Amino acid sequence: MIEEIKSQIHSHQKVMESIGQELSPKIAAVVELLADALGNGKKLLVMGNGGSAADAQHLVAELVGRFKMERRGLPAIALTTDTSILTAIGNDYGFENIFSRQIEALARPGDVVVGISTSGTSKNVYKALLVADELGCRTIGLLGRDGGTIAEIVDVPITVPCDDTPRVQEGHITIIHILCDLLEKRLFGERR
């Protein structure tokens, strides 16, 4: 058991190293994209399924509340939280439309839409990102494996290069924390 624990920690460290080496430029680009949009009165809409839904909510909580810095709240919405909306759309239009229908209702040109998918192939996330693009939104994919079909349609794909879902999720939450930290500094300076 001890060796398995060490092996999993080693796998985690390898993923973190690859994020630092391979994804830093894309993470920096997303910070700039978000700073530009949020600094100009646009909002962020975030979605995902399962653990990725939890990550979407985590990202939004850090932006609407605060990450490390006392500051005004930032306009961000998790499309994963309203069970009445999710079940109404799922029942009437199908599960593949639970996010795209919300994007139709809430997104405006210049808003930023983030789809989180460890596989890069979640059909409901894919469809919502297509709708977001049609509406003139900027799109970001927080993905895993090879990025899947979602990587092909977003403005900025950030793909954690790993096939192991738990390691991808650990990478996603690390990237989310980095984004929140750098975004606060970019928008509000170095104050605490």
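Here the Cβ of each residue, glycine as well, is placed from N, Cα and C on the backbone.
Annotated domain 'SIS' per Swiss-Prot: 34-192, in sequence order.
A helical conformation is recorded for E62 (Zn(2+) binding site) in the three-state DSSP classification. What Swiss-Prot records for N49, G50, G51, E62, N91, D92, S117, T118, S119, S122, Q169 is substrate binding site.
In sequence order, I173, I176 are the residues near H58 (Zn(2+) binding site), counting only same-chain partners six or more apart with C-beta under 8 A. The Zn(2+) binding site annotation in Swiss-Prot covers H58, E62, Q169, H177 and is backed by sequence analysis.
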Determine the most Cβ-crowded residue among the binding-site residues N49, N91, S117, S119, Q169, using a 10 Å radius around each Cβ and all protein chains in the structure.
S117
